[in-house]
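Everything below concerns the one structure shown next.
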Amino acid sequence: YQLLNIPARRVAIFGGTHGNEMSGITLVNLWIKNGKEIQRKGVETKPFITNPRAVEKCTRYVDTDLNRAFTTENLSAPSGDDLPYEVKRAQQINEIFGPKGSPDAYDVIFDLHNTTSNMGCTLILESSKDHFNLQMICPVLLTEHPLLKYSTSRSVAKHPIEVGPQPQGVLRSNIFESMRVCPLTIDGLCCVGLEFPPCSVDVFRVWDKMDYPRDTNGNIIAMVHPNLQDCDWEPLNPGDPMFQMFDGTTVRYEGVGTVYPTFINEAAYYEKQQAFVTTRRETLVAGAIKKA
Ligand SMILES: CC(=O)N[C@@H](CC(=O)O)C(=O)O
Ligand SMILES: [Zn+2]
């Protein structure tokens, strides 16, 4: 089998990519004050607030979604005062932690997010080719998709990663604590002498996004069906209820075969015309990892 060396020398932990997702913001601010919990021998770990103006206002973003702003177009735009705040910020972040796609980029970025959906603690990966050892006790969402790709903050790193979930502007102790274990995974990435055998990992690969039913003016005319609400990661089969129209009728899922919905009724996705994401289950084989 393939032996991979991943010399994770520089790891960044981002909070506040969305300024109303409180767990990551709180943790990163704690770690900026006192970094003991995240320091590891031979590794530079940098806690960083990515969107301070949105954090100050406790809003997702000020001008545009920072977690969609890391496009080549934005990153190469001539800098100027007329650029949206988050585009300027993306350029600065790319300078510090990138440049994206270059050998100088940080090895890993943990970008800490919250979701209003009932997803539990979730690791979101962008590539099935990142042979990290994924023997995690949480669901893995794989966003690798030819059309539904978006340009995230974490994509600046060579091996991007992220964690989740809770309501906007709220700090809940259970969610805070479940996110606090995130730096433990640094041990798996960085510590000299650690080895991982090859293993197989079940992931949920993004399949499609589903919008709410709308009238001709674009207004939402249904809610997520009670049978689907909070059922993230559970199977949705053809014929299963999906939406409850305001007139009381039920809209059923009509796709082909079983999907596993997630980000169900995520507050931040109303503006993105997205009621939930469907995924398909898939098994990935992760190569062995041997530390340099
Ligand atoms: C609720 C939320 O912000 N979720 C993240 C997911 C991700 O980072 O892939 C986002 O849409 O940017
Ligand atoms: Zn977020």
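Heads up, the Cβ atoms here are built off N, Cα and C, so glycines get one too.
Curation plays no part in TrEMBL annotations; they are all automatic predictions.
Annotated features in TrEMBL:
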ACT_SITE  GLU162  active site, proton donor/acceptor
BINDING   HIS18, GLU21, HIS113  Zn(2+) binding site
BINDING   ARG60, GLU162, TYR269  N-acetyl-L-aspartate binding site
BINDING   ASN67, ARG68, TYR150, SER151, THR152, SER153, ARG154  substrate binding site
DOMAIN    8-138  domain 'Succinylglutamate desuccinylase/Aspartoacylase catalytic'
DOMAIN    200-280  domain 'AstE/AspA barrel-sandwich hybrid'
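If you take the C-beta of ASN67 (substrate binding site) and look for same-chain residues 6 or more apart in sequence within under 8 angstroms, you find THR17, HIS18, ASP111, HIS113, TYR150, THR152, SER153. The two recorded residues ARG60 (N-acetyl-L-aspartate binding site) and GLU21 (Zn(2+) binding site) have their Cα atoms spaced 8 Å from each other.
Within its own chain, SER151 (substrate binding site) has ARG68, ALA69, PHE70, THR71, ASN74 as residues 6 or more apart in sequence whose C-beta sits under 8 angstroms from its own. Note on the binding-site residues HIS18, ARG60, ARG68, HIS113, ARG154: the fewest other CB atoms within 10 A surround the CB of ARG68. When the alpha carbons of TYR269 (N-acetyl-L-aspartate binding site) and ARG154 (substrate binding site) are compared, the span between them is 19 angstrom.
Within the set of binding-site residues HIS18, ASN67, HIS113, TYR150, SER151, HIS18, ASN67, HIS113 have a CB atom less than 6 Å from some atom of ligand 1. Under the three-state DSSP scheme, ARG60 (N-acetyl-L-aspartate binding site) falls in the coil class. When the binding-site residues HIS18, GLU21, HIS113, SER153, ARG154 are checked against ligand 2, HIS18, GLU21, HIS113 have a Cβ within less than 6 Å of one of its atoms.
Shown are the binding-site residues THR152, SER153; of these, the residue with the fewest other Cβ atoms within 10 Å is THR152. Neighbour counts were taken at the CB atom with a 10 A radius for the binding-site residues TYR150, TYR269; the maximum falls on TYR269. Sequence-ordered, the extra residues of this chain that approach the substrate site, with Cβ no more than 8 Å from the Cβ center of ASN67, ARG68, TYR150, SER151, THR152, SER153, ARG154, are THR17, ASP65, LEU66, ALA69, PHE70, SER155. Taking all protein chains in view, 30 other C-beta atoms sit within 10 angstroms of the C-beta of GLU21 (Zn(2+) binding site).
In three-state terms derived from DSSP, HIS113 (Zn(2+) binding site) belongs to neither a helical nor a strand segment and is classed as coil.
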